[in-house]
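The zinc finger annotation in Swiss-Prot covers 26-54, 293-317, 344-367 and rests on sequence analysis. Sequence annotations record features per position, and here Swiss-Prot assigns region 'Disordered' to 80-107, 132-176, 210-244, 418-471. Positions annotated as compositional bias 'Basic and acidic residues' by Swiss-Prot: 140-176, 234-244, 439-456.
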Amino acid sequence: MVKPTSSLLQRYKNNVRVDPSTLNHYLCYYCGKTLSDRLEYQQHMLKVHEVMSQSYQLWSDHTMDTLGLIWSESKRSYDRDTSCSLSVPASPMSRESRNRNSDDDYYDYVYEDEKPKRRRIDVEQSRRSVAAAAEKHRKLLEEQRRKAEAEYERKRKADEKKKEKAIKDEEKRKAEDLRKCLQLQQQKTAAAAQIRETAEKAAVARRMSTFEVGESSEQLAKPEGEKRKRRRTESRWREIESDSDKPEVTALVKKILEESKKKEASSQEVEDADLVPELSTRKPYDNTEHVSKLCKVCKKGPHYTFANLFEHYQDLHNATIKSLHYYGFNGNKLIGKKNLIERDHCQRCVIKFPRARDYFAHMIKHHVYESVRCQLDFENATNADVEARMMFRDRILTLGYNFKFEQVADPNLVSDVLEPGQEPSTSAEQEDPSSLKIVKLEEPELEEQKALKPESEAMEQQEDVHSLNPE
């Protein structure tokens, strides 16, 4: 590599006059810059604008020869053998003057001993190699991404299996603990039941032994007069029942026995209610059972009986019964109040009901008269009210009616007889009310009544002696 001489550099620096015929001006058609040297123009096109096609055209054979550069040995031998008539004449400027005029451009100068430029085929090969390398890199990245995803999926599945196994183990542990707890509870319950059963058996044995001792002592201490009174009463009722010549008396006896049983049942199916001060001014209903009524909800009707209206509210409007009351009146004065207790069976018909509403509907339809009539507090009542309160949505519906008792001429009868047609019959035989008014008979005394008067005992002893000695 030959460095430009100092004389050439000094001439450029001192701006030595040059022959105008040797000056050339080159204009850049990209940026408009004007250059006086062809080599500088070519370097400007290559460095600044990178115009390869223009540089290839500008670097002609003559220029290469002028600069002392050759394409190849074959090219130089071909140029020696062939002369070109259209070749550009050689520049009068010496070869030294065409060297670079600056130290910065010195290292960019192309010399003869350097390697030639790469050809187009090398560029294409380099492009293909770059594309192949990029494709290889892309495939490598894709393979790495695929491996990473597979590894992540494998780890995720392994974690899920671990979690499922932990959950199953926890469930098994809880089930085992629950089973052990239930087994222990059953053992404790069985032991407690056995202890309770043993204690109950011991208590029953003690009660039975005490009862046997007390019963034996009571039997020994019973008075002779009470035994004779019981025998006399039982024999008297047996004689009345066995007397076939008096069917009216027999029927009345049966009726009185039924009434006593009904009174006992009626006393068990109701409970007493306090008469609060505001109820003292209560008056009986004006309407009876058979007065037609309209529904207060749908305004439909008329309903000719209280039972039909009650069933209409229950079945059509799904109203629930809240309470059922009996009110006894002596004239217009309130003398008693009873609440019908909710039950799951009827004590008269021995019928069981799945719901309370069925029990109340059955009582209203079949037994309300005898249930009210048999109340002991209503013995002096002349009429009574039956009042039902039903809950419909957010309000309470009050239904009720009044019925009157028949005034019986004989006050010694146990119960008053209703008017014909008011009380539905609950037996197969229908009794004549007139026969019940004529005959008068005392009720059998209960076994619980132990206190007897001295006069009655004396009379019973005389009757027993007379029965033993009829003559």
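The backbone N, Cα and C atoms fix where each Cβ goes, and this holds for glycine too.
If one looks beyond the zinc finger (293-317) by at least 6 residues along the same chain, the residues whose Cβ comes under 8 Å of a Cβ in the stretch are 287, 357, 361, 364-365, 386, 388, 390, 392, 397, 399-401. Below 8 angstroms of C-beta separation, not one residue of the same chain at least six residues beyond the ends of the region 'Disordered' (132-176) sits close to that stretch. The helix, strand and coil residue counts that DSSP assigns across the zinc finger (344-367) are 12 helix, 4 strand, 8 coil. According to DSSP, the zinc finger (293-317) comprises 10 helix, 2 strand, 13 coil. Per-residue confidence over the zinc finger (26-54) averages 80 (mean pLDDT, predicted model). When the compositional bias 'Basic and acidic residues' (140-176) is classified with DSSP, helix, strand and coil residues number 37 helix, 0 strand, 0 coil.
For the zinc finger (26-54), the number of residues in each DSSP class (helix H, G, I; strand E, B; coil) is 15 helix, 4 strand, 10 coil.
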